[in-house]
There are 2 protein chains.
Amino acid sequence: MLAYFGPQGTFTEQAALGLGASPDELVPYDTVPAALAATRRGDAEAACVPVENSVEGAVPATMDALTEGEPLVAVAETVLDVRFSVLVRPGGGEVKTVASHPHALAQVRHWLAEHLPAADVVATTSTAAAARAVLAGEFDAAVSAPVAVRHYPLEVLATDVADVRDAKTRFLLLRRPGPPPAPTGQDRTSVVVTATDRVGALSELLTELALRRINLTRIESRPTKGRLGEYRFYIDFDGHVAEPRVGDALAALRRHCPDTRFLGSYPKAEPGGAPVGDEEFVAAAEWVAAVREGRGA
Amino acid sequence: MLAYFGPQGTFTEQAALGLGASPDELVPYDTVPAALAATRRGDAEAACVPVENSVEGAVPATMDALTEGEPLVAVAETVLDVRFSVLVRPGGGEVKTVASHPHALAQVRHWLAEHLPAADVVATTSTAAAARAVLAGEFDAAVSAPVAVRHYPLEVLATDVADVRDAKTRFLLLRRPGPPPAPTGQDRTSVVVTATDRVGALSELLTELALRRINLTRIESRPTKGRLGEYRFYIDFDGHVAEPRVGDALAALRRHCPDTRFLGSYPKAEPGGAPVGDEEFVAAAEWVAAVREGRGA
């Protein structure tokens, strides 16, 4: 069983299918923390949740839920273009009302003004709830994730609808800790580091990465809830924990901040950047071993 | 005239009033970019918009809108606790339906389950739209910003409603560039830095701050739209551009990244941390001047 942030027919379900889940093993949960809790308890083998740049507002919820409670680690990611389908009842006639989540409506405002200028716009609690309401005859059209037509027998009036062409949402597949997926040479590692609020704390951490030529791909700070004077940094960087340079950097972060939590090493959804070799790390470690044993200097 | 991210009766209006605006100069705009555009054109003297941790989903929109187009600078900030009021029609009877923006509904889920367990929950496009719909008799209760009762003659069923006690939203008051507000000793400076995507780029920038003992209060990375291989870093730190150490650090950031944009120096809404003196910066500059003139060594 694979838990996901529901309801059925939203982008998160689409992401889970894109990550190789079969439709009959997917179980929707009302919230991101609920999907993660099911995975922590062992009710689900894994959870698929949005982490970045989402249309559905779940990002801080995901980061907080990953940091609190028992550890979970990411084993895969996927990135979806945020492009909506507009769904209507078969033979439904004129579109007088269009429904969706307010975030989705905000992202198709120009499209609606051009293509359905006379339609009233109505909010729903999710893009999938809009599709259900159209099926029930409450509204005439729904702005939904393309996957919604899997669940609701609606007709597709338009696809690929988005005012902003480059909006994307990133999703992670999370499991209880276990051996990470094998390195592919195009991997990402995610960590959350809790640091005391003092001058230079973050600078020291990033210097540890830069000194090892590790490329940062994302950073975000959040104050810790209820613990004044502490900050959390969510950091993504290129590389895999199995690689000597990344293992060495993680050890350095952990020395600085004992609360450092590993959030996973997994293949990048959009590979890019030349892999950095670990030859000088291996050679340097061998040299130190040789010096210690009196075999070199 | 002061523009704000509307509609009337939301937390952003409440923030604008808290920043000293008088109710009759406030004009709501549909989107954050529209409020900023009105200020850039000179139709409005200033704009009040959410920047961080918002319930209304506007944060990335604000950061992107501040970076693109003509510069605007923050002259004040305010932080609001996210606590809702539940509003009903006077003498309205049993509450069978409760309406609000999906983000607000998500933040009062437990309260609703405890206090209005039988009520159906309905989404609206904003917390203020919910209040209007209750006034129109469409729904029985609205979960709204406390300021909503200024505009809609509704009765307050409950105040201070929030499942999570420490949710806050930060707002900025933005103007066209001009002399910044005078330093208070408890100021914050905001910048956005566009850096090429190479190993160590951010580490160098943060080292420039750490070397000057400047305390970082927030950092967030975002890929630049449409320009691959570049990242934007939104950075807030303690201090005021008028202070020698901060001016020196800003000059260093600008040397590294010519696209560095100043987003303002303004008093912190929640003062904290001992001010750092600039004596050694002044003394060191005087020493260099003396050496150059042959008055010292």
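Cβ coordinates come from backbone N, Cα and C, glycine included.
Over in TrEMBL, the protein carries these features:
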- B:1-176: domain 'Prephenate dehydratase' (DOMAIN)
- B:190-267: domain 'ACT' (DOMAIN)
- B:Thr169: site 'Essential for prephenate dehydratase activity' (SITE)
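Across all of the domain 'ACT' (B:190-267), the predicted model scores a mean pLDDT of 89. Counting every protein chain shown, the number of other Cβ atoms lying within 10 Å of the Cβ of B:Thr169 (site 'Essential for prephenate dehydratase activity') is 22. Mapped onto DSSP helix, strand and coil, the domain 'ACT' (B:190-267) counts 24 helix, 31 strand, 23 coil.
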